[in-house]
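Okay, structure first, notes after.
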Amino acid sequence: MSSVNPIQIPSRLPLLLTHESVLLPGSTMRTSVDTARNLQLVRSRLLKGTSLQSTILGVIPNTPDPASDSQDLPPLHRIGTAALAVQVVGSNWPKPHYTLLITGLCRFQIVQVLKEKPYPVAEVEQLDRLEEFPNTCKTREELGELSEQFYRYSVQLVEMLDMSVPAVAKLRRLLDSLPREALPDILTSIIRTSNKEKLQILDAVSLEDRFKMTIPLLVRQIEGLKLLQKTRKPKQDDDKRVIAIRPIRRITHIPGALEDEEEEEDNDDIVMLEKKIRTSSMPEQAHKVCVKEIKRLKKMPQSMPEYALTRNYLELMVELPWNKSTTDRLDIRAARILLDNDHYAMEKLKRRVLEYLAVRQLKNNLKGPILCFVGPPGVGKTSVGRSVAKTLGREFHRIALGGVCDQSDIRGHRRTYVGSMPGRIINGLKTVGVNNPVFLLDEVDKLGKSLQGDPAAALLEVLDPEQNHNFTDHYLNVAFDLSQVLFIATANTTATIPPALLDRMEIIQVPGYTQEEKIEIAHRHLIPKQLEQHGLTPQQIQIPQLTTLAIITRYTREAGVRSLDRKFGAICRAVAVKVAEGQHKEAKLDRSDVADGEGCKEHVLEDAKPESIGDAADLALPPEMPILIDSHALKDILGPPLYELEVSERLSQPGVAIGLAWTPLGGKIMFVEASRMDGEGQLTLTGQLGDVMKESAHLAISWLRSNAKKYHLTNAFGSFDLLDNTDIHLHFPAGAVTKDGPSAGVTIVTCLASLFSGRLVRSDVAMTGEITLRGLVLPVGGIKDKVLAAHRAGLKHIIIPQRNEKDLEEIPSNVKQDLSFVTASCLDEVLNAAFDGGFTVKTRPGLTDSKL
């Protein structure tokens, strides 16, 4: 009994604060580290340490719940356990944390806390020095009797168990091989005891007190096992395995230390999981799965890799909002005001949201619609989704789908794989905590496809109101109801969306803005936002509407306002520099006036030498407020204009016409240029054209050849056969951009008619429309975006197919007032509108007398 403990710990120890678990000397446990102080301790001390001493920590039990993670150091327990960190395992799911495997060495007492941040460090006094223990027994025989009594109860308890179990046999050998003074701590950590009882054993520095406290615990375990054997006599072999002794896997390299794989903290967590499963409102099928998994978890050693997977699965199941939802705000008037305040224009989109609210007032169990906002970048599709959630009073979650090429991102990974995780849909529901959020599926048109599956196909189940009430994630493997989720998708174009997915969504077009709308958006939203971000006030900067119009027309050319917002940011940064310099100059002038009187400033400026211009500039008067941003200031800040109205210059010779094109970025004007030369009747097409546009060019030249006599069109040799000894070259500028589609047909005909007639096309006319071989003009799409592009370019007359006349109702009235429209049903009408004075013919060509 007089052996001396050979362990010597440092006099200063970093403190690891635990909440419920208690580590006793000689035992081993795993603990999770996720608070700020403990994380900093692991990263600074364990991960960067190079010596054995750096792996020794002071474990302080019974500290306040680390979930609060307050800035102040909580009250610390007086006695702790010096521990050796054996293993550190890091993980980022569900949040960054480390799992430590630590072995208790000896007790210590805190003398003084030396520092609290970034992690506590204390001066400690080592206890458990057996030669220093005060012998409070009257004789040494009394301490020996306590030791023998403890040993007998320990042996009796172990012999009641199944000795065929390796862990039990190992424990029996330890009782004979380890010193008696080490057994109370080890046995207490193995048998089922509460944290309070463990804490009492830890506080018992005297060996006599530890024996006296541990013996009743052993007696209680023995009596419990006897009672269990009486009540379940037929299953005697199983009874020996049921005793609440944790499995002992191995003896560590430290004498008397045992590894405790399933510590009290884990058991408490399992009990909490069971309680959450019982009280949760999950469906019956999910509840059965959770009950089955929790039973498997109880029988599973913590060292098994599947232990963490099963535990994470159960934690996810109890955290999912199976029946938790928010109450919708169905005040249509308030919703209208909120939408108008957040977004200007977009009347069609706002009307659809208000319609949804109105129907919800009449029918509470309405399934969430599947909306898809389609429009060019920068028009506010994503922000509208956030405003819809705000209007309804729902939670909002954005899922970026651009570049996603694995269906597991949508449906989740099966739990058989290492590192499996739920899909983005289920993970988003866990994040928001309710089952009726607004989910924004951003950039749904940019989904990829790979060997891992097609995520667009996985979305079919999610976005189908008839199926998504029973959505099954591969990770959960049980059904989850998504029918209450309001899904909003965004896309730049519907061309790349699979037809099956497109069929499940309600398409709402979000066109680009007019110049007037951009001006309103700039002065209502963009400029105030930029002023706030740059610390400026309206008293320091003034941007007139004429300046805003100049930025829109000469420095940006887009359907949205994203580039416009960046230009305002550049202006605000330049003004911020002026304001900051002005404040510096005011302070410098004030100091100069105080030092030398009122005339000091003039004296300094008069005596300034040419090489000291910088000093004179420092003493110049600060700028007057507010700083006015005019055309000269724009040129200084943003540089020379990026875009000029060059339409008239480019149409100064025959063989050039202006068409209108639609792109995912919005509408734009497109020039078509033609040239002829001596040759063999070949047609050359350049400008990265698609097959459809090439066919339109061949249609145009064929129609003109068949009607050359009626329009008096000849080649350079005076022949009505336009390709006789003549080659034609058609070019579409912006050659790096791929172009395709049938809407350039009327533009190609007009361009070639100008080339062969030698007449100029009107410089204020743009056109769009598909042609047929018989000279008919067929309707095309994207009329609104094309008209807005022509308006931005300063064009005044637009030729569109007659069957597109209905699309003019979507054009804002202020744009209509600036433009005149010609609706054409055949190419005769197109040519008459494209040339000054019309395009005269000897006999008006009909639809039947054209010939090739």
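Including glycine, each Cβ sits where the backbone N, Cα and C put it.
As the structure is a computational prediction, the values presented were derived from the model and not from experiment.
Spatially close to Ser743 (active site) yet at least six residues away along the chain are Gly659, Leu660, Ala661, Trp662, Thr768, Gly769, Glu770, Val780, Gly781, Gly782, judged by Cβ distances under 8 angstroms. Positions annotated as active site by Swiss-Prot, on the basis of sequence analysis: Ser743 (among others).
Reduced to three states, the DSSP call for Lys786 (active site) is helix. The active site annotation in Swiss-Prot covers Lys786 (among others) and rests on sequence analysis.
For Pro376 (ATP binding site), the number of other Cβ atoms no farther than 10 Å from its own Cβ, over all displayed protein chains, is 23. Pro376 (ATP binding site) carries neither a helix nor a strand DSSP state and counts as coil. Among the features that Swiss-Prot reports, ATP binding site is placed at Gly375, Pro376, Pro377, Gly378, Val379, Gly380, Lys381, Thr382.
Annotation source Swiss-Prot lists domain 'Lon N-terminal' at 13-222, citing sequence analysis.
Under the heading domain 'Lon proteolytic', Swiss-Prot lists 651-837, citing sequence analysis as support.
Summarising the annotation, Swiss-Prot assigns N-acetylserine to Ser2 and lists similarity to another entry as the type of evidence.
On the 0 to 100 pLDDT scale, the model's mean across the domain 'Lon N-terminal' (13-222) is 82.
Other Cβ atoms within 10 Å of the Cβ of Lys786 (active site) number 28 in total over all chains. Cβ atoms within 8 Å of the centroid of the Cβ atoms of Gly375, Pro376, Pro377, Gly378, Val379, Gly380, Lys381, Thr382 (the ATP site) belong to the same-chain residues Phe373, Thr490, Asn492, Val510, Ala559, Gly560, Arg562, site residues excluded. In this structure, the CA atom of Val379 (ATP binding site) is 16 Å away from the CA atom of Lys786 (active site). For the binding-site residues shown (Gly375, Pro377, Gly380), fewest C-beta neighbours within 10 angstroms: Pro377. Taking Cβ-Cβ distances under 8 Å and a sequence separation of 6 or more, the neighbours of Lys381 (ATP binding site) in its chain are Phe373, Gly375, Thr490, Val510.
For Pro377 (ATP binding site) paired with Lys786 (active site), the C-alpha to C-alpha distance reads 16 Å. Of all the binding-site residues given, namely Val379, Thr382, the one with the smallest number of surrounding CB atoms inside 10 A is Thr382. Within the same chain, residues at least 6 positions away in sequence whose Cβ sits under 8 Å from that of Gly378 (ATP binding site) are Glu558, Ala559, Gly560, Val561, Arg562, Ser563.
In the three-state DSSP classification, Lys381 (ATP binding site) falls within a helix.
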